[in-house]
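Peer 1: Dumping what Swiss-Prot says about this protein:
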TRANSIT   1-60  transit peptide
REGION    29-52  region 'Disordered'
COMPBIAS  37-51  compositional bias 'Basic residues'
BINDING   ARG337, ASP374, ASP378, ARG516, ASP519  (2E)-geranyl diphosphate binding site
BINDING   ASP374, ASP378  Mg(2+) 1 binding site
BINDING   ASP374, ASP378  Mg(2+) 2 binding site
MOTIF     374-378  motif 'DDXXD motif'
BINDING   ASP519, THR523, GLU527  Mg(2+) 3 binding site
Amino acid sequence: MQCIAFHQFASSSSLPIWSSIDNRFTPKTSITSISKPKPKLKSKSNLKSRSRSSTCYPIQCTVVDNPSSTITNNSDRRSANYGPPIWSFDFVQSLPIQYKGESYTSRLNKLEKDVKRMLIGVENSLAQLELIDTIQRLGISYRFENEIISILKEKFTNNNNNPNPINYDLYATALQFRLLRQYGFEVPQEIFNNFKNHKTGEFKANISNDIMGALGLYEASFHGKKGESILEEARIFTTKCLKKYKLMSSSNNNNMTLISLLVNHALEMPLQWRITRSEAKWFIEEIYERKQDMNPTLLEFAKLDFNMLQSTYQEELKVLSRWWKDSKLGEKLPFVRDRLVECFLWQVGVRFEPQFSYFRIMDTKLYVLLTIIDDMHDIYGTLEELQLFTNALQRWDLKELDKLPDYMKTAFYFTYNFTNELAFDVLQEHGFVHIEYFKKLMVELCKHHLQEAKWFYSGYKPTLQEYVENGWLSVGGQVILMHAYFAFTNPVTKEALECLKDGHPNIVRHASIILRLADDLGTLSDELKRGDVPKSIQCYMHDTGASEDEAREHIKYLISESWKEMNNEDGNINSFFSNEFVQVKQNLGRASQMIYQYGDGHASQNNLSKERVLGLIITPIPM
């Protein structure tokens, strides 16, 4: 057996469960930083292979050559009956990489310069805000971040220093508020008091006649923080206005207007909760190219950027597809969801920019690992086996493998090798050995999975509070964000590391709660069929006697409250964490809601999930 490049560490001590779940989940009645030069971003040139030190080899797993040898006492085990993947190896490898090459790059660069001149050259204040909004919704704002921040900073400064600022109407006020909040400028919610009836304290009734103003206020309200009552009132008020407008529009039997499409889209999910790529595709195809004042340069740039990024994703997916086939994990662990493409789809939501290819590839492998751990606990492992697996991980000792069944040996080897691969990369880029941090989180993850397994086998029905306190840690958000921290942070600080390892800061907690609850909303019906520990919806029903519909509404409310808490954290200037890491945290919440918006988008392979993969990864937008 070849030796791994890292020494084994001492056993982890028992892990405290950090939690401060408040009564929303009960029924309603710096130390010295480790500074290294900023690492170069991994580019597409090292997708196919990455050289490693000759002393670093993965541990080889030779215990499983025949898939059938992994299965023992099969009659005692549950089965989810997951179907085979609809995206085969041959299909992925046959994808044509259409939008690559110097001619496309040259054209994109030319268009980018034109759009930059356009953005800087706009003199009218409202027109400039509208252009920024359009650029964002077209999915190309990441190319103009410096220019956008400079423009918004100037507007923010002028507003603060000018005793007589521009007297905007509701539409313009809401648009500026949303854009400034989005980029971290502290704009007070009280600016919307100008649109309230001073006698009643309520928003003026005639706002319902200004549908673009109401829509703008609705979108702005989702940038509210915990305790901002004006924005909460705005959300409730404008939701009623937009639903009324939607009802009136649907009764006209005419073709949907662009405003109607925007209203329906917003009511389905606000912009703040949407991932950039899916919003860009929808806005390009459904709205922008149908607008009478559409700018051809902007449209061509947005389409070309989308398609060139998609070609990058296809290259990455081919690399991952070869890795998955060579690993034989699908054959050795036949009970596990074989959903490589869906695991990759998460990454398009988390970090879509072209320079983050290596992160998307490694994070996809991490999602594969989390899927294996999840299915092993939820579906296949016996309680005794799961305890043995957690013990083996905690000791991090290959000698423990003799106690495990063959299928768990495979899972352990994959966990062991992947963790050490990540640690090797972190050592190269940061000069820091992080394996103890990552290992501790993996052990913690399995302990919380094990708790759910104990509930299932004992028939125990947890309260909603018990479930969420355990579930936001069993869903794996803390593991995902630990990986992201090292990918997007330089220098690494001990304060942040200790916070991530032991304290589970709010920046991790709230994103993980959204992931947990969105998962529950999307997967409940499938999990009821196969039998599983009660999820948040069932826990609330059991706690309160509520119907399933009422319980779902309560879980949606908890998601909304978690977003407010996340918005609070985004404005925390004393945070240990970089803006890049904060963006990943936000995008994890957004990706969660995309994947589970119409059901179990991670496993079910229904038509809506298939269309999402086709639209974001497979099929280019016609030029």
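Each residue, glycine too, has its Cβ placed from N, Cα and C.
Quantities reported herein were computed from a predicted structural model and do not represent experimental measurements.
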Peer 1: Any residues 6+ beyond the ends of the motif 'DDXXD motif' (374-378) with a Cβ under 8 Å from its own?
Peer 2: 80, 333, 335-337, 386, 389, 407-408, 411, 446, 449-450, 452-453, 476, 532-533
Peer 1: With helix taken as DSSP H, G or I, strand as E or B and everything else coil, how many residues of the motif 'DDXXD motif' (374-378) land in each class?
Peer 2: 5 helix, 0 strand, 0 coil
Peer 1: Express the distance between the Cα positions of ARG516 ((2E)-geranyl diphosphate binding site) and THR523 (Mg(2+) 3 binding site) as a whole number of Å.
Peer 2: 11
Peer 1: Let me know how many other Cβ atoms fall within 10 Å of the Cβ of ARG337 ((2E)-geranyl diphosphate binding site).
Peer 2: 24
Peer 1: In the structure shown, which of the binding-site residues ASP519, GLU527 has the fewest other Cβ atoms within 10 Å?
Peer 2: GLU527
Peer 1: Work out how many Å separate ASP374 ((2E)-geranyl diphosphate binding site) and GLU527 (Mg(2+) 3 binding site) at their Cα atoms, rounded off.
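Peer 2: So the Cα of GLU527 (Mg(2+) 3 binding site) lies 13 Å away from that of ASP374 ((2E)-geranyl diphosphate binding site).
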Peer 1: Do me a favour and check the Cα-Cα span between ASP378 ((2E)-geranyl diphosphate binding site) and THR523 (Mg(2+) 3 binding site); whole Å is fine.
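Peer 2: The Cα atom of ASP378 ((2E)-geranyl diphosphate binding site) is 13 Å away from the Cα atom of THR523 (Mg(2+) 3 binding site).
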Peer 1: Would you identify the secondary structure of ARG516 ((2E)-geranyl diphosphate binding site) according to DSSP, in three states?
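Peer 2: For ARG516 ((2E)-geranyl diphosphate binding site) - judged by DSSP and reduced to three states - the answer is helix.
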Peer 1: Cα distance, ARG337 ((2E)-geranyl diphosphate binding site) to THR523 (Mg(2+) 3 binding site), nearest Å?
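Peer 2: It is 14 Å, counting Cα to Cα.
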Peer 1: Per 10 Å Cβ neighbour count, which of the binding-site residues ASP374, ASP378, ARG516, THR523 ranks highest?
Peer 2: ARG516
